[in-house]
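Undergrad: Dropping a structure here in structure tokens format, bear with me for questions.
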Amino acid sequence: MMLLWLTAMVPQSKPPPCDLMTQTCSSPTSAQMTLLFFSFVLISLGAGGVRPCSLAFGADQLDRRDNPKNVRVLESFFGWYYASAAISVLIALTGIVYIQDKFGYRVGFGVPAILMLLSALVFFLASPFYLKQQASKSLLTGFVQVIIVAYKNRNLTFPLPNSTASYHHKRDSNVVAPTDKLRFLNKACIIKNPEQDIALDGSAANPWSLCTVEQVEELKALIKVLPLWSTGIIMSINLSQNSFPVLQASSMDRHLTKKFQIPAGSYGMFNIISLALWVIFYDRAILPMASKIKGKPVRIGVKLRMGIGLFLTCIAMVVSAIVENARRKEALRSGFQNNPTAVVKMSAMWLVPQFCLNGFAEAFTAIGQTEFFYSELPKSMSSIAAALFGLGLAVANVLASVVVSIIDDITSKGGKESWVSSNINKGRIDNYYWVLAILSFINLFYY
């Protein structure tokens with residue numbers, strides 16, 4: 001953030017102002033672009049460290065896996081974490097953007113830079129008061145070791161049942177033998193020659209020739225959650241539809257009053273608002289009321305919540321297709337086929353239901369998935385559990401571009417107008433939404 005602030009503060013770090021008389025602007029130099037992009041890279045690396053680890057760190061403060069009542073505590077924590085994140089995005093895209101627009105980028109970039117500085121200061125001052133799990137190894141290195149050693153030992157025969165001494169495990173560990181699921185990985189922890197394979201302290205003499213049972217089970221746990229993790233990718237593709245709704249909103253009546261209209265790019269806020277409101281309403285009203293009626297604690301299981309979210313995102317795409325079909329018909333009826341920027345006599349508030357449905361879908365599936373990963377994976381993998389949803393979102397953004405490219409290539413053959421044309425009145429974005437709806441329903445059955 002400090003580097004990004006410098007691009008606004010230091011005159012040499014940006015191109016000179018445009019010449020208003022000749023209407024010409026100088027392009028940025030390679031050094032100026034490098035500084036700008038390097039600030040984005042650092043922000044991305046920082047976010048990649050903070051986001052998954054802050055969630056896992058918070059859960060570590062509350063995690064008591066031996067207490068059944070603690071499940072409700074974690075559910076509440078994950079919900080409020082996502083609600084606070086949604087509210088922070090709302091503030092960033094309204095308050096911070098307003099400051100940038102009103103006072104310029106010198107102040108607009110300076111405010112978040114100072115906030116991040118204060119955040120870092122508070123983090124270090126408060127650090128001694130928290131429970132901190134010390135990392136003792138690299139999980140990713142351990143996963144690679146298990147795969148390589150299992151492949152090396154592929155011709156080994158499995159020990160006899162209940163032959164726990166044949167498997168290498170940590171001292172004082174409760175897990176002395178691997179499970180039968182994904183059994184081919186068990187060969188990674190088979191002791192071939194105790195004198196050569198085991199060091200004097202009980203550890204493996206060569207970790208690339210012998211792994212522990214714990215390493216094997218950690219990799220198995222990750223593999224077992226991947227199918228359910230993959231079901232969230234289609235939902236994230238639906239959530240990443242930002243460009244087309246902006247084009248739709250731009251061509252619709254966005255006025256709330258005669259003088260005020262909602263910016264076309266701000267309709268995505270309804271997604272964030274609905275997510276935050278649902279989490280608060282669910283945690284503070286629905287669950288307490290249901291528990292009071294039934295006379296015992298009530299909670300919706302994580303798998304059911306994930307399924308509800310996937311269903312809601314299907315409905316969101318259906319609604320998106322129906323609304324776009326109605327908008328396009330109105331545009332053609334008004335003679336705007338060749339004028340995609342013309343405003344049709346249709347309120348942009350018709351776009352709100354699809355954003356709200358996607359917000360509810362994210363509230364159910366994103367929070368449910370994170371809680372599911374955290375409960376299924378070993379505690380040593382809590383940061384990976386927290387990072388999985390973000391990884392799915394990243395994969396979805398790449399796949400969303402691939403889907404658009406494929407649809408564009410197929411539908412534009414023979415000189416035809418592409419479904420995803422920049423002229424939305426000539427294109428068929430409604431058909432594109434129907435494709436996403438069909439993929440979402442297939443994904444629901446897959447789930």
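Easy rule for this one: first residue shown is 1, then count along the chain.
Just so it is clear, glycine is given a Cβ too, placed from its N, Cα and C backbone atoms.
Found this in TrEMBL, in case it helps:
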type	residues	note
TRANSMEM	37-59	transmembrane segment
TRANSMEM	80-99	transmembrane segment
TRANSMEM	111-131	transmembrane segment
TRANSMEM	260-281	transmembrane segment
TRANSMEM	302-323	transmembrane segment
TRANSMEM	384-408	transmembrane segment
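Give me the local environment of each listed feature.
TA: Residues 1-2, 4-5, 57, 60-61, 92, 96, 99 of the same chain lie 6 or more positions beyond the ends of the transmembrane segment (111-131) yet place their CB under 8 Å from a CB of it.
Taking Cβ pairs closer than 8 Å, the transmembrane segment (302-323) reaches residues 228, 231-232, 234-235, 238-239, 241, 248, 350-351, 353-354, 357-358, 360-369, 371-372, 375, 430-431, 433-434, 436-437, 440-441, 443-444, 447 in its own chain, all 6 or more past its ends.
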Undergrad: Restricting to the same chain and to residues at least six past its boundaries, which positions have a Cβ under 8 Å from a Cβ of the transmembrane segment (80-99)?
TA: 55, 58, 107-108, 111-112, 266, 269, 272-273, 275-276, 279-280, 283, 363, 366-367, 370
Undergrad: Could you pull out which residues elsewhere in the chain have a CB under 8 Å from any CB of the transmembrane segment (37-59), counting only those six or more residues past its ends?
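TA: Residues packing against the transmembrane segment (37-59) from afar: 1, 3-4, 6-7, 74, 77-78, 81, 130, 132, 370, 374, 382-387, 390.
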